[in-house]
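Residues annotated as ATP binding site in Swiss-Prot, with sequence analysis given as evidence: G30, E31, N32, A33, Q34, G35, K36, T37.
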Amino acid sequence: MKLKTLQLENYRNYEEVTLECHPDVNILIGENAQGKTNLLESIYTLALAKSHRTSNDKELIRFNSEYAKIEGVLNYRHGTMPLTMFITKKGKQVKVNHLEQSRLTQYVGHLNVVLFAPEDLNIVKGSPQIRRRFIDMELGQISAVYLNDLAQYQRILKQKNNYLKQLQLGQKQDTTMLEVLNQQFAQYALNVTLRREHFIKELESLAKPIHAGITNERETLSLTYLPSIKLSDMSKGEQTLWDEVITLLNDNIKREMDRGVCLFGPHRDDLGFNVNDMDAQTYGSQGQQRTTALSIKLAEIELMNIEVGEYPILLLDDVLSELDDSRQTHLLSTIQHKVQTFVTTTSVDGIDHEIMNNAKLYRINQGEIIK
């Protein structure tokens, strides 16, 4: 899939702008705080109906404006598709082919993106929350079922935590409601856990050879899914696994009541990275951690192509300067002529000349595009 045009109205520091996109590489160059990252963010937001930089949609609306609008025309294997996102201070509206989508789960997945920003280098050494968000953002784009299960899980988790807090404070005495919530919680927790486990296995199978290529076969990468709910054997039947989950929850009702919070579930999952059988988070060098992060991002691109039948759009936010020549070369070999890419940078110095030869350059200055 390729983004043909991108139009912004009152988005961040852009009053009104139209970008005619190059099918291969689009380089956005400018000083800091001019709007380069805002442009990339708008593409990400158009894809996932949420920003990766803020959870408050109001921040996306230009100062002193009533609304923000993002519109993109997508070229894909079946033809052309317009996508629209309209944001007001009361909420947001999304459209596919000019038809409003009542649920975000119906919208997400039409435009697939992979974002690689400097903070993504923290996927290895950062907090478990960063890794859970990474799983959710990528898996959610290729599986509407996962997105729905996750939304239902988060809804019930919130209800359960509220009820546990009331029990802890003595505002409630009856645990019957908690047992009912656990029944629903167990099903969605199991669904999310199984889909995450399958996703990590697929991602690992693609990341391993990529990582080996970058390191000239000197290093071996492995991924380990670390679920909060530890099941004896995930290949068992769903009913058997559900029984295990509900038993765990029921056995720990008193602990959770004492703590006033849910102690088990996918909201406490983590993902481990091992390089040559050593924990990359604890023992990996900065170079090893960056190679691991790049391998994961390149594997994402391939996995989306396998699952969706088309390559996603790649967003590189000021990250090329963080990669040495070898890593840039492997990045180039993955994206060349098949993945539409948007790159932000303050200077073209250090960008591979092959990337430059196949690119369209846009200069960004105070929310305006100077071609």
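Backbone N, Cα and C define each Cβ position, glycine as well.
Since the structure is predicted, the reported quantities are computational estimates derived from the model, not experimental observations.
Taking each of the binding-site residues G30, G35 in turn and counting other Cβ atoms within 10 Å of its Cβ gives the largest count for G35. Residues G30, E31, N32, A33, Q34, G35, K36, T37 make up the record's ATP site, and a Cβ search at 8 Å around their centroid adds N38, T344, T346, I364 from the same chain.
Its own atom aside, the Cβ of Q34 (ATP binding site) has 20 Cβ atoms within 10 angstroms in the protein chains shown. For E31 (ATP binding site), the same-chain residues lying six or more positions away in sequence with a CB closer than 8 A to its CB are T346, N365.
Comparing Cβ neighbour counts within 10 Å across the binding-site residues N32, T37, the minimum falls on N32.
Between the binding-site residues A33, K36, the minimum number of other C-beta atoms within 10 Å of a residue's C-beta occurs at A33.
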